[in-house]
Each structure stands twice: as structure tokens, then as C-alpha cells.
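Features reported for this protein in TrEMBL:
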- C379: active site, nucleophile (ACT_SITE)
- C226, A227, A228, P229, G230, N231, K232, D261, D309: S-adenosyl-L-methionine binding site (BINDING)
- 481-490: compositional bias 'Basic residues' (COMPBIAS)
- 132-454: domain 'SAM-dependent MTase RsmB/NOP-type' (DOMAIN)
Amino acid sequence: MSELYKEAAALLHKLEQRQGGLKSLAYADSTVHKRSSFALVCETLRYKPLLRELLAAVPECYKALKTPKNAKEPPALVFVALYDLLLGRQKIQGGGYVKKALMQHQTSFRAALARLKIKRKVASNEALLPPENRQQHLALPRYVRINTLLASPEEAKAFASEYDAKQDRDVRDLLVLPSGTELHEHEMVKSGKLVLQDKASCFPAYVLHGEHAEAQDNQGDVIDACAAPGNKTSHLAMLLQQQDGDGEDATCPKRRVFAFDRSPKRLDLLKRRMTLAGAATRVQVELQSFLDVPVDDDMYRNVRSILLDPSCSGSGMTNRLDHLLDIASSHDTVLEPDHGAEYEEDTAKRLQSLADFQLQALRKAFSFPQVKRVVYSTCSIFQKEDEEVVAAALESEENSGVTRPFVLKPALTSWPRRGLQVAGLTAEQAQALVRANGLEDSTNGFFVKNARLCLPRRRKNARGGSARNGKRTTRQDRQANKMKKNTTAQ
């Protein structure tokens, strides 16, 4: 098997094990074929749901390529080679047992691919993919966020001059460069002084704590509810530092960001990115699902704002590496060979499952007794994940017994594209929401909601704590309860 395939397969395996982002892995010093490996892994990921389906349609080959070590599915090398055989160069480079097995069943694979197109009434391979995996062929500008935690004004000015970069008109500290500008190997990127981050991805933190946030909103600690991989988290940390000023002790910042993720591997990536960005002293990373965070824990008594950017379909992304990985890593994609008749139903179920989680997380954010502002965002263009989730959450607030519920506050008022009016949202509420469209806004598709509490919250049965007993839970209480549970289990 060719060295390119082996390198791409190794990258794909590390990526699926959440050992790092694809760009950082592909452009590491140890990677020889950087651009070729990056492109091959991207396309293999994009087509992996289809490749897994084709493997299942040829069970003899599927079984032969699985090993005891890879009991769930064949190794990454199989997917890389099969992509090139059926969807890429139409051949497999090099030799080896993987090539031998795939070439032996080449006719069966091509027949299975043809049957799928007939069954789903499509003409192209691209049309066989889930909608969020299809290529939109948009040449977006290269956006670069200046990380003022590390970069000096002089360094930022020198970089902008070197690349003739323009200041973005909507987001402070964001530079705009021509599409395709290659910066992964730039020293300021590798040192964390510059962050390669799409413009729309900067919106949530900027709405929550940017220059247009009102003075009374720029108080207290912040929760980043679904933090990994961490670009929004480091952006939050940077904005807090700008607000608190240079006079604070860098080793003991005035305000903190509590960043949650339930995956150990994603959390490790988050920690590495915070260290690289110079944000580690301000960001407290927690291995925990946001849904399980106790809202009355004394640790979070100073939290006044929450950024919630939960898992979503990624349907608005033109460069969807994280979302492609989530889709490709799901083994539910293949049930039986030729299950195309169930395709639309499966897609609808997945979207509903995502929307259910998003609503649950938004309700959780609203339940923190001291929180005054919540920003909810997705990189989805689907109403089900955007306006419909917001409408359902606001309805829950109205019916929750809270005397002063959260209300929508317009975000990015100069931005032209606003939310859609759906059942449960008035025209005025829809205008408070923000949408970004990749075709017209020179950025990825995105959705942002800004909810604000103008006065202290009150529930009918409690003050300043949980409605259950009105008593706060300290870290010591949680540790004691955990020890008690462990003792009981023994």
C-alpha cells in the first residue's frame, strides 16, 4: 500500500480517536504528504457513511477486512483505499492484502454503487451523501482572529501589513484575508498568537462579551457549556481579559470561564488549545456533561452568563471537519445493505435527536439561578435546531413558575440577516435572532440567539438556591456525596 494511504489512514485513525484536529495533525512536522493527506482524509470522512454502506453491501469483503482488533469495522486504511478506488482516482496505489481484497470484489462494489443511485433516483455520488456532507463549493475568505492574550499590537499590525489583511467590519480583532491563504505553518499561528477561526464562529462570544455588551452584562464568571475543541472558549477568555484590564494578576484572573465537555479525548484537546492560546489560567476545564452540572453548586455562584453552542447537524458549514467526524463515527449509519429506503427517516430521526438535546441544554442554561444572559448558537441552517428550539425554550420559561423569565434581546443589530418567524415566535422575536448564510454573507451558515434577564430571577418555591431545598451545594458536599455513593456500591 502506498505511503500516502498509510499516512492518511494514520491521520484518520488519530482523528477518530480525538487525538487532535485534522489540520493540526496533518500539518505536524511528522507528516510528510501534508496537503495530499489532508485532502484525502477530508474526502474519505465526507464519503465514509456511503463507504460503510458499500462495504456492508459486499459482506464477503466486509468480513474479510475486519480483524479482532477492529471488530466493529475495518481499519481506516480500508476506507482510504476504497474511497480512491470508487470515488477518487478509480484505482488503488501500491499493493498489500487490503488492495487484494478490495480489487477482488471491485465489480461487486461498483454494482452496489449503481444500485444505490437507481434506488435513490440520483445521478451523482455526491447526491448519495447526507445533505450536511455535500460540498457547497464556496470560496470563503480566510478569517484570522488576533489573540490579544499573546499577540502584541505591533505583531498584529506587522502581520496585517505582510498579508494586506483587512479589519473585519463586524468583529473586533478579526482580520480578513483572501480565500485559500495558507497559514497553518505561520509562526504566529503555531505559537497561538493568531487563531484560524471563521467569522460566524466568533459571533457567540462576541455577542456575549464583545464591545457592544452593556456594562452591567460584563460581570461575573462565564460557562462555556459545550466547549471542545475550544476556539470560542479562548475567545471568551480573551474578551474577559480585555474587559478586566492589564492591571489584574495574570496567575489569578478576576473572572473565570468554566468549560465543560464529557469526552476525555475532546477535553484533552481543549486543554492543549487553552495552553497554546495563553488562556489556561483563566479557563477551568471540567470533564462533565453540562446537563449534569449542579446549578446550585457554590463553585458557580458568580456565573452570570452562559455560552451554549451544542452539537448540531453542521448543515451550515462549508468546512465541516468536526461535524463530518461526528457523522462518520456513528455506526448507526449502516443497518443492512441497501437500506436507502430508510435514509430520509434516519436523517429526520437524527435531526430530532439533536434538537431534543439542544432544547434540554438550553433549558438547563436557563435554570442557573444567578445567570443573567445566555447566548445560544449552532452552525446549522435548519429551523428545527434554531428558531424552533428557541421557541420551545421560551415557552418552557413562561410555564416554569419563574416570575421574571428570560426574554430575547437583539444581537448584532447592524447584521442584516435575521431569524425566521416560526410557530411560537413573534415577528419582533424573530428579528432579535441572527442568521448567517454562506452564499451571501461570506461566512459559514450560523445561528445566534441572545437571551437576557433584566432583573433577578425568582421562583415561587425558593430564593438563591435550588427550588428543592433552597440550599447551595459546595464542592465538599459533592465529594462527600460521591464517597457515600461509592461506599454504598461496595
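Even glycines carry a Cβ here, placed using N, Cα and C.
Recorded features from TrEMBL, shown on the structure.
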residue	record	Cβ neighbours (10 Å)
C226	S-adenosyl-L-methionine binding site	22
A228	S-adenosyl-L-methionine binding site	23
G230	S-adenosyl-L-methionine binding site	28
K232	S-adenosyl-L-methionine binding site	25
D309	S-adenosyl-L-methionine binding site	25
C379	active site, nucleophile	25
Please compute the mean pLDDT of the model over the domain 'SAM-dependent MTase RsmB/NOP-type' (132-454).
86
For the recorded S-adenosyl-L-methionine site, enumerate neighbouring residues of the same chain (Cβ within 8 Å of the Cβ centroid of C226, A227, A228, P229, G230, N231, K232, D261, D309, site residues themselves excluded), in sequence order.
D224, T233, A259, R266, L270
Secondary structure at K232 (S-adenosyl-L-methionine binding site), reduced by DSSP to three states:
helix
What span in Å does the S-adenosyl-L-methionine site cover, taken as the longest CA to CA distance among C226, A227, A228, P229, G230, N231, K232, D261, D309?
14
Between C379 (active site, nucleophile) and A228 (S-adenosyl-L-methionine binding site), what C-alpha distance do you get in Å?
15
